[in-house]
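**Student:** Encoded as structure tokens, here's the structure I'll be asking about.
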């Protein structure tokens, strides 16, 4: 504490420069002292250059994997910026908090602070900040399986990035957008778009992440292991030569390298890379990355016929996946509410425009009534035709919605067969009323039980469910029996028919 009190005189003194202020922290006691000082930062009033310099230390904290310390620092900077009316500082620190929460898998808080960043930036309209925020929103939507919304956010981010006057900042923003687009397009099954985005990112900056993304596409989609090896070797070289490399970049490269060795049937090497990647993901508190790598590790042990290790990896994957699903059970409502609110605001704006237009038109019609009767009649006819056109368009929109529902059903079937961790989240989006009715009967139903309900509702039999979820038939039967008890399904009624009747009956 003596060091802290010694340092605390600096805000009251006239510092020669902000760099002196920051360098004192880093050189004297490093980031540990900076973390200890976070509570005091909120209490002290710093100048704008000092706030900017402290905000810039976020990168080093992120590089070390100390996400929570970085969050605490930026939360303090938000309060400090607000106290002196420094809106730009509050906007950038809010973005940093949103980004860090996304990295930690806390999408609810991430969305909250990204919205705050947009709010602070609404008058400033800083292009590089808007590009970064919308990219981060896209990442959140992608992780919540709202892939269409993710791609829309990336499109907005790209438009903002192209408006950035500084060439270096513009390239950096576009590089980030294209990398994220590649990931979301792959998740959506748009492989060509994914590879195109990855190549765009690689064309801007040849770093470990962009090279690894291209290598992964060659491994999974074109099955060209020779080309994949070329880009993986480049990724490892870049890791060694780049002094600014982060633990997350190492995790991504190890992840893809393990995948390469698995496809090349070098299972021991694959295991070694996967385990290293898992260790880094744990240190960085990135449960989604940890979950995905355990899934690949499970498949690797299965291919290598290592039964005990396979079961252990499956157990780890299931534990993490259940934990994430529990946390996200109600979270998906947050971005959906945000999307709905955005649509409602757009509709209100459109309505106001239509209202003003109608008033002006009415005024013109009123003035013209006595002099231009025939023209008025023609105008009425034109308005009727316009209304008919709108009705036709609405009918076409209805048909499109029906088509989307059918496509959603096909997507659900495929996700179920793949035992995808996104299956239940997607099912809840499509059959929200059914899930709500089940929870009304028994609010204590777990995600795993609701997932079983989803399989049964979609028409999968016991054998299929056992096959796709990697469980024994007897286990599935027991779970279905327990589920019938919880839901009070009559003995004479089949489970499948009961679910259909529940969905069709109004509350």
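Cβ coordinates come from backbone N, Cα and C, glycine included.
TrEMBL entries are annotated by machine, without manual review.
From a predicted model like this one, the values you see are computed outputs, not experimental measurements.
The annotation transmembrane segment is assigned in TrEMBL to 21-43, 353-373. Look at TrEMBL and you will find 91-124 tagged as repeat 'TPR'. Marked as coiled coil by TrEMBL: 373-411. Among the features that TrEMBL reports, domain 'HTH luxR-type' is placed at 459-486.
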**Student:** Do you know the DSSP helix, strand and coil residue counts for the domain 'HTH luxR-type' (459-486)?
**Tutor:** 22 helix, 0 strand, 6 coil
**Student:** Report the mean pLDDT of the predicted model across the repeat 'TPR' (91-124), rounded to a whole number.
**Tutor:** 93
**Student:** Report, as numbers and ranges, which residues of the same chain sit near the transmembrane segment (353-373): CB under 8 Å and 6 or more residues beyond its ends.
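**Tutor:** For the transmembrane segment (353-373), the far contacts come to 379.
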**Student:** Treating G and I as helix alongside H, and B as strand alongside E, what does DSSP give for the repeat 'TPR' (91-124) in helix, strand and coil?
**Tutor:** 27 helix, 0 strand, 7 coil
